[in-house]
Each structure stands twice: as C-alpha cells, then as structure tokens.
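Participant: Below are the features listed in TrEMBL for this protein:
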| type | residues | note |
| --- | --- | --- |
| REGION | 1-29 | region 'Disordered' |
| COMPBIAS | 1-27 | compositional bias 'Polar residues' |
| REPEAT | 66-95 | repeat 'WD' |
| REPEAT | 96-138 | repeat 'WD' |
| REPEAT | 140-181 | repeat 'WD' |
| REPEAT | 182-214 | repeat 'WD' |
| REPEAT | 244-278 | repeat 'WD' |
| DOMAIN | 306-350 | domain 'SOCS box' |
Amino acid sequence: LLHSTKNGSSAGSTRLPRQSSESSQKNKPCEHVIDCGDIVWSLAFGSSVPEKQSRCVNIEWHRFKFGQDQLLLATGLNNGRIKIWDVYTGKLLLNLMDHTEVVRDLTFAPDGSLILVSASRDKTLRVWDLKDDGNMMKVLRGHPNWVYGCAFSPDSSILCSVGASKAVFLWDMDKYSMLRKLEGHHNDVVACEFSPDGALLATASYDTRVYVWDPHIGVILREFGHLFPAPTPIFAGGANDRWVRSVCFSHDGLHVASLADDKMVRFWRIDEEYPVQVAPLNNGLCCTFSTDGSVLAAGQDGSVYFWATPSQVSSLQHLCRMAIRRVMPTSQVKNLPIPCKVLEFLCYQI
C-alpha cells in the first residue's frame, strides 16, 4: 500500500517538511484567511512571466503590474463570481462577474500569460486576460449541460473541457474554436488532465472508467477500469459505488492516479492494465501530484491525505520520447522516416 499521512488538526498529525531557503523565506506569505463571501468551488494559482506579451494593446495602461514574484489565487464561487487575490498580501485584485451559475473549475495557461479559463454550470467556459484588468476575451459554447472541469495542454495551445455529457471537448486556444469532440465514455465525464509532454490526455467518468487518449487524433490508447467485469453501456451509470471522481498525471508521464467511490485510490502505470498500488480512502473527491511527483494528495469531506508515491527512475527511452513529444504532435511524428516499432513507441502505442 502507498504510505499515507493525514493533514488534520490533531497535535500528533504528521506534517510534510517545509523547504527553507533565503528566497522562500523572503517571499513567504504570512498566514491569513481570505473571506470570499460565498462558497468556494474551485481554486487556481497563477503567476506571470514579465516578458510574456499580453493580448491587450499596451499593458502599461492598466491598473496592475504583474511581476515574477507575485503569486495570484483565483477563487470560483457559488454565485458565479471569480475573485482574484494577491496571495502574499491577501488583497483583492479583481472581481470577475459574468457567469450566472457555480464556477466549477478554474485553470491558468501554463505559459505565464495570466490567461484564465473558467468552467461553470451555466454550460459555458470563459476566457479572461488578467493582465488586461480581467477582460473577458471569449465565451466557449458547445456543452449541452454543466461543465465540470477544464485543463490546458502544457504548451497552452489546447484546452480540454468535460462536463455532464459523454463527450470530451478540445478547443484551439489560438482561434478559440472547437478542435474536436472525443467520444467513447458512457456517462458524465468529470475530470481531465494532459500528460507533461502533451501527448496524452486522461479523462475520468461516472461510467467507472479512466481513458487515456491521444488528443491529437482522438484515439483511446488505454482503458483503466474500476469495476470488473466492466458494465455494459446501458448500465454504465448504474454502479454508483464505482463512479470515478478524479484523475491526475504524474510528472514522469508514466503514471496516473485515480480516485473512485469504491473507497480506493489507485496508482497506475500507463502501460499496464492493473494498478501498481492501491490505498483506502473514504469519500474521496479530488487528487493531485506534487510538482516532483513524490507525493500524491487526495481531498475528502474535511481532510487531505498524503501518500509517498513509489520512487522510480524513468528510462532514457521514455525521457527521449517525452522530449520529442513536447514539440511534435502525432501527425508530425508519423511522418518521421523511422522504423515502425520506434514510431509506435513515440505514439504511446506500445
């Protein structure tokens, strides 16, 4: 079993060691509570790269100057508002008002441009430019029902969104247009995340499955089942005690974690059919890996549990594959003059 600790209020609870350095102490925020004024449904941290160009005409005309040492927190609220805070001071910077229902998820573009995307129960995704005083740049429509979650590809060019329908939506974030729908799930899709190299996309659904896709061509490469035998499509939503709630990719690109209603956390290798490790967890709702992948955190109704993940060294083959796939989509890889087996490996087909 994965070794776990619980983050609670008891005096004997185990805490993860906090890294200490001059830089971290200098910018270390003081402890404070931010009153958002409503139920908080979603959170996202964001920070800017100073030389990254904003999409607005002239950033110097605007109210806020975003530096590399500034850390922002976006909070999605029950009333449809999004509030942007300065983490180090607790100051409210922006109050974004356009959604009409709960803001279910938030995600910042990884390129440091401070582009924020929000997913809401009002069936829309909205794109905001925080460097342009939080100007709403685009409304992405296409979901027939609630939108549960969204995730950027590592190069910020593609956005994935999932919701209360069986389809997975991919959006071109340069043109703000729909790229394609990925169809294969048999019930609501509730979570999604790209692999670190952007070559894979993991989605979790109430149909008791996690799919790993090639998002560039819309093909399912792996299926991780949480109920055996797998339910037939007509009963895919009937096993309420097996609904998958969350999925996340590890930094090594070889492992994913999933959390389901069967009171288990599973740790999978993308090239194996069965989980590598499992751990018990009641009423789990969400999970995520630490930056270096050594810790898996899972949240439930009131507590956060931490697991030390099995330490493994990636092969040189896989590291080379990730380096190539960070800059080359599947269509370009398939045009390379290389042997078929190498091609299949680069496309994660073996």
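Every residue gets a Cβ built from N, Cα and C, even glycine.
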Participant: What average pLDDT is reported by the model for the repeat 'WD' (244-278)?
Facilitator: 91
Participant: Are there residues at least 6 beyond the ends of the repeat 'WD' (182-214) whose Cβ is under 8 Å from a Cβ of it, and what are they?
Facilitator: 148-155, 158, 160-170, 220-227, 230-231, 233, 236-237, 239, 242-249, 251-253, 256, 258, 260, 268, 270, 286, 321-323, 325-326, 330, 347-348
Participant: Would you kindly list the residues that approach the repeat 'WD' (244-278) from elsewhere in its chain, counting only those six or more residues past its ends and only Cβ-Cβ distances under 8 Å?
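Facilitator: The answer is 1-2, 190-197, 200, 202-206, 208-210, 212, 222, 224, 226-227, 284-289, 291-293, 296, 298, 307, 309-310, 312, 314, 318, 322, 348, 350.
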Participant: Over the span of the domain 'SOCS box' (306-350), count residues by DSSP class, listing helix, strand and coil in order.
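Facilitator: Counting residues by DSSP class gives 21 helix, 3 strand, 21 coil.
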Participant: For the repeat 'WD' (96-138), give the DSSP counts of helix residues, strand residues and coil residues.
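Facilitator: The repeat 'WD' (96-138) comes out at 3 helix, 24 strand, 16 coil.
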